[in-house]
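Working notes for the structure below.
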Amino acid sequence: MIIRSPKPEVKIVVERDPVKTSFEKWAKPGHFSKTLAKGPDTTTWIWNLHADAHDFDSHTKDLEEISRKVFSAHFGQLAIIFIWLSGMYFHGARFSNYEAWLADPTHIKPSAQVVWPIVGQEILNGDVGGGFRGIQITSGFFQLWRASGITSELQLYCTAIGALIFAALMLFAGWFHYHKAAPELAWFQDVESMLNHHLAGLLGLGSLSWAGHQIHVSLPINQLLDAGVDPKEIPLPHEFILNRDLLAQLYPSFAKGLTPFFTLNWSEYSDFLTFRGGLNPVTGGLWLTDTAHHHLAIAVLFLIAGHMYKTNWRIGHNLKDILEAHKGPFTGEGHKGLYEILTTSWHAQLAINLAMLGSLTIIVAHHMYSMPPYPYLAIDYGTQLSLFTHHMWIGGFIIVGAAAHAAIFMVRDYDPTTQYNNLLDRVLRHRDAIVSHLNWVCIFLGFHSFGLYIHNDTMSALGRPQDMFSDTAIQLQPIFAQWIQNTHASAPGSTAPGATASTSLTWGGGDLVTVGSKVALLPIPLGTADFLVHHIHAFTIHVTVLILLKGVLFARSSRLIPDKANLGFRFPCDGPGRGGTCQVSAWDHVFLGLFWMYNAISVVIFHFSWKMQSDVWGSISDQGVVTHITGGNFAQSSITINGWLRDFLWAQASQVIQSYGSSLSAYGLLFLGAHFVWAFSLMFLFSGRGYWQELIESIVWAHNKLKVAPAIQPRALSIVQGRAVGVAHYLLGGIVTTWAFFLARIIAVG
């Protein structure tokens, strides 16, 4: 790989007109590879084309050129995101009942899709209330729009148009920064400038501008909506921004302007920057004054953080110095050499970022229900379930991606000669201890967690309920989790001044919030059933980590294949004539890791779905009696495998199975079709390549007989291609099956 040394002084360095814009070249399939550009001889060509189109490492060894391609591709990605967002806002403007929902969010369900009657599928347009017929949506956009202060469909139109303009700008920027003014390598490697700009600009000013919007637009509009003012009567956003008196009527401290700020009398602003905790009883969402305060505080932190790193002014941190000074008593050279890795290997950089982003996505999933950020989100059970499930799946995929890119770094970018006795080298040298210990943990967790269930199933089958692990027999209470819950529940009053409730109602205490006779949130009790399933979570997560980590640590070499690095990231076996060396590539570990990730996330979303229906979601009577959707059956039913099958999977599948002839019938078809896609994957996963090659040759013979033989020779999928197609269909089929099962159920009963 060609690497140029960075210049000491930070300058904005670009190369003018480095690559000619050529539609002729662009239109030629495989132009990035000499072999592929020749065109297809066999059907393998189309697979290789897809596999390598975005593998910029394989196009060139010049790190600068690779960096420019990645940078340009990011603008393309942003353009796609803006187009997608524009579509969402356009649907809200053109096909939705947003204004009706805004006027009565407790009785009207959100819908932003109306099916056209072509072959009778207008049956899918269910009655969502207020005389509107359409498909009920569960994306949470309506709640987000209300929190943003959007009060009309015209505003959604304008935002949709704005997003398209931004998409066009992004497409232009992607072209411009590759073809017209491409940054030099030194610019991509200038980490201090990058940190300063990303922290202060992206996160600092980004949070500050959102806080400004919340304070000047969202808060006053939501205050009036909560008070029952008709959305059409509420002043438009620009009126609040331009007319301070309007704001001062709602938040008196606005009349004082910036005087309290400069006189350090900040508590004057506590009418719109609060620290209450808990939920707004009108909307069942977080107090928007709390979230405005939060974004302002985050902005201050990141604006400070964005001034910490040394650039042209001789003050501030230097990342290389920080890393090289980081030595512990047992870590040898510590982080020495990591700076060079992270400035020359974008795979290493990406692996760390994906690991953190994936974890953060899963944290988001857990906060969306425990601290619902938007008005009326908490009583829209379909949206709650969808947001949790979506963020869990996405987080799982991103974490597997982290392992994939870590392994690619090991194979393609790692240079053992420059890494001696630093942390990475030391981890690699005791990888056998790491993997064997992790394997022991997996076996322990697997046998013990599953064993508890098997014990319960056996006792239940023998009619001995008194000998089961349950809240009413042999208790296994999650005492540590309960201790954490109690600590948080009793925290308000002794922690932040003015906090009247804990961060989340789920911690405990006597509070419950109901909106429109539906439960928004209440304290979530944890018992033996949760203790059991949490150990299944521990087991599946540890196995996923074992597979992925083994793939990374043994990506370059192993006792079985000492020269594995020479074989590349993905290979089927170590050549012919060496048995028992198949499925050992780093790619194969990612492949296997995906199945265990799927296992792990499935158990999590099943646990969440049943627990919430059993112990949280439900309705409240005029006398204050709460009736949960499944009547609190989680604690006693989920402690056996049979209970999971009978009272969760089978009992709750009745809605999707019986959906034909109703507005939910699309979910019934998806449920059926996705089962088929899942089963189809097994044909690829349990296949032998030779079997298909023989079959193909018979079929080609028949075509030759009829003189209709193709010019491009058909070939069976390679082993790796077959596994890739298999895992893709396995995951797609499994996830869509779950999606249809969850939504048909929760829309029918929620």
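Each residue, glycine too, has its Cβ placed from N, Cα and C.
Quick look at what Swiss-Prot annotates:
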BINDING   Cys573, Cys582  [4Fe-4S] cluster binding site
BINDING   His675  chlorophyll a' binding site
BINDING   Met683, Tyr691  chlorophyll a binding site
BINDING   Trp692  phylloquinone binding site
TRANSMEM  70-93  transmembrane segment
TRANSMEM  156-179  transmembrane segment
TRANSMEM  195-219  transmembrane segment
TRANSMEM  291-309  transmembrane segment
TRANSMEM  346-369  transmembrane segment
TRANSMEM  385-411  transmembrane segment
TRANSMEM  433-455  transmembrane segment
TRANSMEM  531-549  transmembrane segment
TRANSMEM  589-610  transmembrane segment
TRANSMEM  664-686  transmembrane segment
TRANSMEM  724-744  transmembrane segment
Looking only at residues six or more beyond either end of the transmembrane segment (346-369), which have a C-beta under 8 A from one in the stretch?
66-67, 70, 377-378, 384, 387-388, 390-392, 394-399, 401-403, 405-406, 408-409, 412-413, 521, 608, 612
Grab the same-chain neighbours of the transmembrane segment (156-179) for me: Cβ-Cβ under 8 Å, and only residues 6 or more beyond its ends, written as numbers and ranges.
17-21, 68-69, 71-76, 78-80, 82-83, 85-87, 89-90, 92-94, 98, 145, 150
Please indicate, using numbers and ranges, the residues of the same chain that are 6 or more beyond the transmembrane segment (724-744) and have a C-beta under 8 Å from a C-beta there.
138, 382, 385-386, 389, 393, 591, 594-595, 598, 602, 605, 609, 652-653, 655-656, 659, 664, 667-668, 670-671, 673-685, 717
At a 10 A cut-off on CB-CB distances, which of the binding-site residues Cys573, Cys582, Met683 has the highest count?
Cys573
Residues of the same chain, at least six outside the transmembrane segment (70-93), with any C-beta under 8 angstroms of its C-beta?
54, 56, 112-113, 139, 141-142, 145, 153-154, 156-157, 159-161, 163-164, 166-168, 170-171, 173-175, 177-178, 183, 188, 346
At a threshold of under 8 Å on Cβ distances, which of 195-219, 433-455, 531-549 pairs most often with the transmembrane segment (385-411)?
531-549
If you measure between the CA atoms of Cys582 ([4Fe-4S] cluster binding site) and Tyr691 (chlorophyll a binding site) and round to the nearest Å, you get 18
Based on Cβ atoms within 10 Å, give me the single least packed residue among the binding-site residues Tyr691, Trp692.
Tyr691
At the level of the C-alpha atoms, what whole-angstrom distance separates Met683 (chlorophyll a binding site) and His675 (chlorophyll a' binding site)?
13
Chain-internal residues, separated by at least six, CB under 8 A from His675 (chlorophyll a' binding site):
Gly733, Thr737
Grab the same-chain neighbours of the transmembrane segment (589-610) for me: Cβ-Cβ under 8 Å, and only residues 6 or more beyond its ends, written as numbers and ranges.
369, 385, 388-389, 392-393, 396-397, 399-400, 403-404, 407, 530, 533, 536-537, 540-541, 543-544, 547-548, 550-552, 583, 630, 634, 638, 644, 648, 652, 723-724, 727, 730-731, 734-735, 738, 742, 746
The answer for the transmembrane segment (195-219), taking Cβ pairs under 8 Å and residues 6+ beyond its ends, is 147-149, 237, 240-241, 247, 250-251, 272-273, 288-289, 291-292, 295-296, 298-299, 301-303, 305-309, 311, 319
Rounded Cα distance in angstrom between Cys573 ([4Fe-4S] cluster binding site) and Tyr691 (chlorophyll a binding site) is 18
